[in-house]
Amino acid sequence: LFVGLTSAKYHDVCQLPRDPGPCRAYIPLYYFNSRTCLCEKFVYGGCQGNANRFDTVEDCRRRCGGGDLCSLPRDSGPCEAAIPRWWYNKRTNRCQRFTYGGCEGNANNFKTLDECRFQCRKRSTY
């Protein structure tokens, strides 16, 4: 159970709010804004804060996505849990089941089919 909680917390790093921490250093970093689904710049104070901070925009996008999370590849992550999840396959334009390992991975990872469909539904003009 403890490992599961740790993995779940690590997976949710992209959902954490921007947190510069209480210190007053000036360290420009990036965080994932879960409302806009974009990696954005912020100034980290140098201590405390949370794990939603990345040295480069590329690191942020690799971990959390950026802009179009539905275009990210399926990524089970390196851990070995067997958690049923859904991912959006842009090639087939469908949400598909996959087995999530419980840590890391990317933002194209949904708990339910409905959540996947809601996030990645096609924007049609008809």
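Along the chain as shown, the residues are counted starting at 1.
Placement of Cβ uses the backbone N, Cα and C atoms for every residue, glycine included.
Among the features that Swiss-Prot reports, disulfide bond is placed at Cys14-Cys64, Cys23-Cys47, Cys39-Cys60, Cys70-Cys120, Cys79-Cys103, Cys95-Cys116, with the record citing sequence analysis. Look at Swiss-Prot and you will find 14-64 tagged as domain 'BPTI/Kunitz inhibitor 1'. Summarising the annotation, Swiss-Prot assigns domain 'BPTI/Kunitz inhibitor 2' to 70-120 and lists sequence analysis as the type of evidence.
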Overall pLDDT for the domain 'BPTI/Kunitz inhibitor 2' (70-120), taken as the rounded mean: 92
Candidates Cys23, Cys60, Cys79, Cys95, namely the disulfide-bonded residues, that fall within 10 Å of Cys120 (disulfide bond) by Cα distance: Cys95
Closest of Cys47, Cys70, Cys103, Cys116 to Cys39 (disulfide bond), Cα positions, disulfide-bonded residues only: Cys70
Nearest of the disulfide-bonded residues (Cys23, Cys70, Cys95, Cys116) to Cys60 (disulfide bond) - Cα to Cα: Cys70
Separation of alpha carbons, Cys103 (disulfide bond) and Cys70 (disulfide bond) (Å): 19
Of the disulfide-bonded residues listed as Cys23, Cys47, Cys64, Cys79, Cys103, the one whose CA lies nearest the CA of Cys116 (disulfide bond): Cys64
The one of Cys14, Cys60, Cys64, Cys79, Cys95 whose CB sees the fewest other CB atoms within 10 Å, among these disulfide-bonded residues: Cys79
